[in-house]
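**Student:** Structure in structure tokens, see below.
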Amino acid sequence: MSAPSPNPVPLAYRAGAPAVPDWLNKGDNTWQMIAATLVGLQSVPGLVILYGSIVKKKWAVNSAFMALYAFAAVVICWVTWAYKMSFGHKLLPFWGKAGPALGQKFLIEEAMLPASTHHHKNGSVETQMSMPFYPMASMVWFQCVFAAITVILLGGSVLGRMNFRAWMMFVPLWLTFSYTVGAFSLWGGGFLFQWGVMDYSGGYVIHLSSGIAGLTTAFWVGPRSTRDRERFPPNNVLLMLAGAGLLWMGWAGFNGGDPYAANTDSSMAVLNTNICAATSLLVWTWLDVIFFKKPSVIGAVQGMITGLVCITPGAGLVQGWAAIAMGILSGSVPWFTMMIVHKRWTLLQKIDDTLSVFHTHAVAGYLGGILTGFFAEPKLCSLFLPVTNSKGGVYGGSGGVQIGKQLAGGAFIIGWNLVVTSIVCVAISLVIPLRMPEDELLIGDDAVHGEEAYALWGDGEIYNTTRHDTDDTTHHMTPPSGATQVI
């Protein structure tokens, strides 16, 4: 009988073993992978369900598939070249050097953001390079799901008419020339990071950029068909709520994962996220009831989203009372721009932003960034930011300068996305039309994909115009009369 092993613990669990290097913190690594999974679930199936349900029946498959395709395409582009453009070695003050993130030599080493060392004005080091206690593979995947959801959010502006082949070209081009610039500038060690602009988890990198780029893309693609713009009821409100619920709960990973550690700041971020989202949803619903006499379910979802977006740039940087204040403003300011300003501003009316991504993400994201400049609490800032003595305007002293930094940082993201998104759209239009042909716009999913979401009017053996909703005389559905409607 052989003697028992002197160390019965499997090799994969032993400290100092190849799979368990001394720098690895299993708790941080576990949370980072969970957070990444939660953010991934926001897209697949969260936004796939939300998009497929909130649109007219004839666009359910196309809208869901645009989200699914974008997620897959971003994953491959990200690991092939885009990750290092966002978080690698500096090429330009706003851009990293492209390169693959695929080899084990790179992926199993300790995570680090090589451009993130922060310096004083005299050149001395103020904050050391960011090096979380888990492997690069965890960092690459965590940042990948952020990139993917940004492109999917942008796509909400062009549902119901963008040529799918053009979308297939748009995704890698926009990711490469727009998203990576914002990510490196604010998170990867670029010039806005060095200057001290606060964007805790993507109010600018993700939401402001997707909202502005979505509106810009909608301008170049053109509007939906006249009939679709006049009547575009959700095909399944309950399923839409399921997608929205995945979005809300997934935001725990969205904001809670950005300290790159399972620490006290991540807990603060998760709590603030839910406080702000709940407040915003309530305020939006109250405004609908006060001004339109009906509580809109779609409006509640939009209020939820604006709250989640608004708190994102300051989730771990503000106190709970500030999260409530931000929720009140995120439930009212985007509501005002959507329900009042949009209807009176001719330019916004001409641009067909299908899901109002401009209001729910660009307006709410910029608002959140500015409010972070007001409410960022000094002690919480010290837990996260590379710039020492950072604080918001309400705390006096140099805090007022932070508001100016937030305004300028958002202005850069807006300007870059307007220009680069326009260039991408024009370049694609030289190769393939951005907008579907009229016959596809008339029919929808069946013409574009040869598939439909619901078999409600027969099994498809005989073409029936009522099945594709092309003749309004055959359907006598009353347009939704709720306060907030998809514009």
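Even glycines carry a Cβ here, placed using N, Cα and C.
Not my notes, these are from TrEMBL:
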TRANSMEM  31-52  transmembrane segment
DOMAIN    31-454  domain 'Ammonium transporter AmtB-like'
TRANSMEM  64-83  transmembrane segment
TRANSMEM  139-159  transmembrane segment
TRANSMEM  171-192  transmembrane segment
TRANSMEM  204-223  transmembrane segment
TRANSMEM  235-254  transmembrane segment
TRANSMEM  266-285  transmembrane segment
TRANSMEM  297-315  transmembrane segment
TRANSMEM  321-342  transmembrane segment
TRANSMEM  354-376  transmembrane segment
TRANSMEM  407-432  transmembrane segment
REGION    468-487  region 'Disordered'
**Student:** Are the transmembrane segment (297-315) and the transmembrane segment (171-192) close enough to be called in contact, which here means at least 3 C-beta pairs under 8 A that are separated by 6 or more residues?
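**Tutor:** With fewer than 3 qualifying Cβ pairs, these stretches do not touch.
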**Student:** Between the transmembrane segment (171-192) and the transmembrane segment (64-83), are there three or more C-beta pairs closer than 8 Å, counting only pairs 6 or more apart along the chain?
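**Tutor:** Yes, since the transmembrane segment (171-192) and the transmembrane segment (64-83) share at least 3 Cβ pairs closer than 8 Å, they count as touching.
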**Student:** Considering only Cβ pairs within less than 8 angstroms, which of the stretches 64-83, 235-254, 266-285, 321-342 has the most against the transmembrane segment (31-52)?
**Tutor:** 235-254
**Student:** Go through 64-83, 204-223, 235-254, 321-342, 354-376 and flag the stretch with the largest number of C-beta pairs under 8 Å relative to the transmembrane segment (266-285).
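**Tutor:** Checked against 64-83, 204-223, 235-254, 321-342, 354-376; highest Cβ contact count belongs to 321-342.
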**Student:** Using a Cβ-Cβ cut-off of under 8 Å, list the residues of the same chain that are 6+ residues beyond the ends of the transmembrane segment (204-223) and lie near it.
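**Tutor:** Distal contacts: 146, 149-151, 153-158, 161-162, 166, 170, 174, 178-179, 182-183, 186-187, 197, 229, 309, 312-313, 351-354, 357-366, 368-369, 409-410, 413-414, 417-418, 421-422, 425-426, 429, 434-435.
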**Student:** Would you report the average pLDDT that the model assigns to the domain 'Ammonium transporter AmtB-like' (31-454)?
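**Tutor:** Here the mean pLDDT over the domain 'Ammonium transporter AmtB-like' (31-454) amounts to 95.
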